[in-house]
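The block underneath contains the structure these notes are about, expressed in structure tokens.
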Amino acid sequence: MACYKLKYLKCYSRICNTNYWSGFAPKCVADCEQPTAIVNGSFSLSKGTSLGSTATYQCQAGFQLANGASSRVCDERSQWNGTHPVCEIIECGQPFDVQNGSYNFSSGIQYGSVATASCNAGYETNDSAKIVCGGDGNWNGSLPDCVPVDCGSAQSIEHGTVAFTGTSFKHTATYNCMPGFELVGPNLIECNQSAEWEPYVPRCQGTCLYSIRK
């Protein structure tokens, strides 16, 4: 007796004695052999490779099952039913746009990738500039925010006044001199992308009045 794609159960041969066969009739039972290994994952068997055994699959952290079921059963044909699953890497999708900046990705939008915020000229991050794609498909960490650089208060000058529209990028400061003094230099300076006032702070210089006598 031979089994096709099956295996014998215990008795493999019998001897013809007087009016009877020794032992008992063998049976062919299903045997599915070990399932194919799953890349970036593993499986467990409920009853080895015998008929009715269930192969349950799971993926490593950062991966998820795709193209198949999470479990397969050894059937009467000695085959694992269903489709062999695949573990594919998890993706987080595009993060929210960072205003006045952009992201640089270490490895796209997949699990483990680090997205680093890069701010436009004249802006800087006011928090952590990095977020990480997690195993749950979400970006972990505080979303960065690009804010204007701040030049601080422009320098005051003797015998003059200064008025600000603000102290951050592209804001201006206007200078005026008191009566009897004149301004030497620009009356308007601007906070630049390097957080410096440009072109430079002016000064107030006294004016001379001459009387002419005959």
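Cβ atoms are placed via backbone N, Cα and C, with glycine included.
Within the set Cys177, Cys191, Cys208, TrEMBL assigns Cys177 as the partner of Cys204, by disulphide bond. Per TrEMBL, the disulphide partner of Cys119 among Cys92, Cys146, Cys151 is Cys146. Here the domain 'Sushi' (149-206) has a mean pLDDT of 97 out of 100. Residues in the domain 'Sushi' (90-148) partition by DSSP class (helix H, G, I; strand E, B; coil) as 0 helix, 27 strand, 32 coil. Taking Cβ-Cβ distances under 8 Å and a sequence separation of 6 or more, the neighbours of Cys177 (disulfide bond) in its chain are His159, Gly160, Leu183, Cys204.
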